[in-house]
Amino acid sequence: VLEQFLREGRISALMWEVCQQQAQAGSPELHEALLNKIVCLPDHVSNKLQGKNPPVFFPQNYFPLLGGAIIQVLQKISDSLRGGLDCSISFVSHILGKVCVHGRQKEILSILVPRLIDLTKSDCIWQRICWRLVECVPDRWMEAVVLGFVQRTPGADVLSRLLGNLVVKNKKAQFVVTQKLLLLQYGHTTAVLQNLLGYLSLDGLRRALLIKVLQELLETWGSSSAVKHSPPEQQQYISKAILICLSHLKEPEIETCRQELLTSMMEGVKCHLDSNLPQIRRLGMIVAESISSKINTDGPVLKFQVKVIMKFMPDAAVPLVLESNKKSHTAAPVTPDEESDAELDSDDDLIPYDMSEDKELKTKAPVYIRDCIEVLTGSEDVDKWEATVKALEGLVRKNPAATKEVSVELAKILLHLEEKTCIEGFVELRQRAQVAVLTTDPIPVAKYLTSQFYSLNYSLRQRMDILDVLVLAAQELSYPKSHGKTKHSGAQKPCIQLLPGSDSSKDWRRIVDERIKSKTRRFATGQSQVELVSSPNEFSSVAGHFFFPLIQHFDRPLTTFDLLGEDHFVLGRLVHSLAVLMYLAVNTVAVTAMGKVLLEFVWALRFHTDSYVRQGLLSCISSMLLSVPTERLLEDMTEELLETQSWLGDVVEKDPDGDCRRLALQNLLLMENLKKKL
């Protein structure tokens with residue numbers, strides 16, 4: 001009977017009857033009961049019939065049918081209004097609201113929205129019906145309905161036609177549009193943002209809300225606390241919203257809030273550039289440039305010298321991009337043929353010398369280490385200096401005995417060495433020479449470098465150079481040397497990326513993942529692997545000299561260096577470096593002592609506000625769990641491990657950074673493996 005009731009369209013007749021009764025003050029209890037039965041009919045029927053449910057009661061079939069019935073009722077309401085008769089729309093609004101809040105927006109609005117778009121195109125009565133339909137939705141269901149309309153409407157002008165001035169009339173709708181969808185949520189698409197902000201810009205009454213929204217977005221964007229504690233995805237979402245708002249601003253509106261925009265830009269760009277995450281710094285530069293181009297139409301605009309500044313948000317603010325393109329294409333392109341004739345003079349009549357047989361004079365590089373030191377410290381001959389920089393690594397590796405005599409002096413010179421002339425790959429050449437010196441004479445050079453890391457009068461760049469050299473040298477020492485022509489093509493060395501401003505942990509984390517996989521037992525037959533030639537781990541005897549001095553003084557601020565304060569980027573690099581050193585110290589004598597100290601270090605910094613530092617700390621835990629022997633972990637660090645496990649659980653649930661959550665989960669799985677070994 002119910003199936004026949006639905007197929008013959010009686011549900012629309014039922015709703016229409018309630019609408020007429022409401023206009024004459026019908027029974028509210030009956031209306032509430034009917035509302036529940038209509039919206040929850042698929043659930044009621046499936047609970048009774050279990051697996052024998054007719055297809056018409058499946059939600060994917062029932063709710064589109066209900067959407068069609070709503071259109072029929074609205075048609076009758078439209079005819080009544082034209083005939084001068086009263087009727088109420090609130091029952092239909094209640095059904096729409098309850099269906100949407102039950103999570104069936106897609107099914108019902110896929111029918112409703114396209115029909116309403118057609119019906120409201122040129123009919124003012126249908127427009128009023130549509131506005132009333134949404135306005136009469138109770139506050140508790142308003143968010144679901146508004147979000148459904150915003151997501152399924154093909155443009156801001158159409159959304160404006162369907163919703164009217166809903167955000168001005170209804171406080172709940174205003175909160176949803178101006179606060180919840182922009183500042184409290186960040187999973188919506190760029191199209192949703194364009195619909196939302198375009199809708200606010202299309203009416204004089206709503207434009208005041210657009211300005212207010214922009215001010216609140218800029219306040220969040222410029223908050224150092226928000227930049228530190230909110231995930232990068234949310235900051236990207238807010239940045240997109242700001243760019244779209246800017247594209248809708250008119251000149252008089254910019255004039256009234258020019259100073260406010262400038263202040264927000266200065267505050268926001270500072271806290272974004274202070275971040276350790278490259279994508280956050282790029283976001284800051286993009287938004288600051290956009291604000292600057294909007295407020296300084298006549299004067300100079302802010303420009304950051306970066307090669308690729310905008311790859312991440314296509315379509316976020318098309319009007320802004322188009323506007324800037326128009327400005328940049330106004331100047332006519334200059335071709336080589338149009339170069340000034342002033343450069344051409346009578347010298348062109350002179351016949352050039354034939355230089356085809358000439359050979360470039362190459363400066364001979366020094367062949368002794370002490371000669372290299374003299375050239376690097378005192379020589380004014382630029383060519384000789386360049387040849388020395390290029391040859392130094394090879395000389396150091398060929399002459400270990402001579403290098404050991406002057407190793408610390410050479411390490412000092414290389415640490416302070418600055419580029420005298422433009423050499424391609426100077427930074428890499430210097431770094432490779434430093435690594436060669438350190439691997440040739442590890443203990444005294446490591447003592448020197450680690451002591452200098454916490455010394456006065458070094459730049460942050462030099463301190464990070466020290467960390468990079470220590471890590472690369474440790475990596476080289478811990479891997480077996482190639483003998484003769486044997487090539488270890490199968491073993492891939494973990495490499496840590498050392499570009500400034502990049503996440504230095506991602507490449508070596510892959511190696512950690514591989515180590516985890518290698519500890520998983522798999523039973524299968526396959527091609528037998530050729531064993532590599534083994535040799536002593538040279539890092540084993542010197543690991544402590546690399547590790548312990550670095551971890552000693554992290555909490556002692558110097559006048560020019562404060563790791564726990566504003567120099568948190570170097571702290572992040574230090575933490576990642578310690579994680580790599582711990583990982584490379586597997587099977588060494590000092591590994592247990594290193595693990596204990598590292599765990600204390602992590603515990604002291606575990607609530608650090610910077611996500612890059614927290615990622616490094618979690619990587620330290622991974623390295624410790626993989627490198628310290630299981631029996632030592634369980635006997636010497638039981639209590640600390642239990643506390644760490646509790647903290648990792650909190651990180652998995654509450655940390656705003658996705659990488660931190662992933663690393664914490666990985667550590668919990670490693671700990672689970674330890675438990676199984678008990």
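Cβ atoms are placed via backbone N, Cα and C, with glycine included.
What TrEMBL says about this protein:
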type	residues	note
DOMAIN	207-300	domain 'TELO2 ARM repeat'
DOMAIN	366-474	domain 'Telomere length regulation protein conserved'
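Mapped onto DSSP classes, the domain 'TELO2 ARM repeat' (207-300) shows 78 helix, 0 strand, 16 coil.
Confidence in the domain 'Telomere length regulation protein conserved' (366-474), given as mean pLDDT, stands at 88. Each residue of the domain 'Telomere length regulation protein conserved' (366-474) gets a DSSP state, and the totals for helix, strand and coil are 85 helix, 0 strand, 24 coil.
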